[in-house]
Amino acid sequence: MSLSDKELFELNKKAVTEGFKIKPRINYNTVGGVNGPLVILDNVKFPRYNEIVNLTLPDGSVRQGQVLEVRGTKAIVQVFEGTSGIDVKKTRVEFTGENLKIPVSEDMLGRIFDGSGRPIDKGPKIFAEDYLDINGSPINPYARIYPEEMISTGVSAIDTMNSIARGQKIPIFSASGLPHNEIAAQICRQAGLVRPTKDVHDGHEENFSIVFAAMGVNLETSRFFKQDFEENGSLERTTLFLNLANDPTIERIITPRLALTTAEFLAYQTERHVLTILTDMSSYADALREVSAAREEVPGRRGYPGYMYTDLSTIYERAGRVEGRNGSITQVPILTMPNDDITHPIPDLTGYITEGQIFIDRQLHNRGIYPPINVLPSLSRLMKSAIGEGMTRKDHGDVSNQLYAKYAIGKDAAAMKAVVGEEALSTEDKLSLEFLEKFEKNFISQGAYENRSIFESLDLAWSLLRIYPKELLNRISPKILEELYGRDREQDDDEDEDEEDPDKSGDKLIDA
């Protein structure tokens, strides 16, 4: 039986390529133009969306890009390292046939990388345990576990009143000139689990890791983070990704995805509890706007693309816990609100996706209070599942509610005092003013290197609430009030007596 030429060709092709997984790649010299961070390619065959492209420049240097759009035989590629120096006639382009992947390993802990995932700490390259797609894999909603157990940050205003659950995503809303970098560094230094519960098999400190990604930061901020982590020893459990302000803007689009892919490997394959901090998401959104403008897309609010909500969700929704895995990813993105405007599209859309917010206040900062966290507009929607008996303390929820109520009343009393004067205030209003002053001075304010446990913060909260008579503490259950209010009052009296008479020694009651 004779075979046709076509059949013979197919048999020869199969014999030659059998056992080979690598397909031949085609190089193109068909760069049609350059527009901002984008390169337009002509006459290319079968380009794929999100495919990685290698561009070889005339000087021999190689840059990576990603296919953003395909129109027939044309492809639009965003170049991560920028398009300066790309010669339209002499640049060669190679399609790899793969999505962008990052080599991951436990050895990434203690290392510093640039915004594209290359080591910049003079250490060796990562010996990869696996190569993972930076876009991640969608998690089956049915496989997700509700976030529980509290992560302690050592900051009273966060731990007591806006507790963060393991697996939660909660942003920090800041503004230009406010100390969000210092707060982020403090959280990295001090973060850890409060106490392991029955499903946390391994709660020791080595099992808690941090992935930190900075986008568009200046050299001074970059040096601050590197030096701070190295000096206090937290670098050993931290992986840093640093995209500087003078790095290509387009690189900021992949930096948070590299960080989250690393976090997913540490959480779901090595079963660690990972805290992921992303700063500054406003720089990321600006990079998104730049690409959108270069593609001449119809702009949305303030010039940002209409798909920014969807794009942000592909980052924020990669936090959480998964059934059958002990690890978790808790996300704390930080964003600066342009002109302190909370209605700006970036904080507005972020607030829809995430589970609360921590609000950094300029007025508190101007009065010298650090950290300047305004607890009234702050919120943690999953706090109820992270606190209480067995996780923190049984009085945690009631104390938090009472602090919120009394702080709001104190703010109203301060506004009234500005109008009618202190003489016209009632006794309760004067107590509220005293509470307001001590709450901001002693509770919210703390040192940058002061690490308060949740139990110390709750004890401090009780000492402030004792300014009021028991009858005015109406947000705390009578049972808890009866158990803790009187005993704390006696302890305070003992401490006052000891201050008056240093030689006097007596037994002190231990706080619950």
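Cβ coordinates are placed from backbone N, Cα and C, and glycine is handled just like the others.
The site 'Required for activity' annotation in Swiss-Prot covers S378 and is backed by sequence analysis. In this structure, S378 (site 'Required for activity') is part of a beta strand by DSSP. For S378 (site 'Required for activity'), the number of other Cβ atoms no farther than 10 Å from its own Cβ, over all displayed protein chains, is 21.
Counting every protein chain shown, 15 other Cβ atoms lie within 10 Å of the Cβ of R381 (ATP binding site). According to Swiss-Prot, the feature ATP binding site maps to R381, an assignment based on similarity to another entry.
Per Swiss-Prot, the feature region 'Disordered' maps to 484-512.
What Swiss-Prot records for 491-502 is compositional bias 'Acidic residues'.
The compositional bias 'Basic and acidic residues' annotation in Swiss-Prot covers 503-512.
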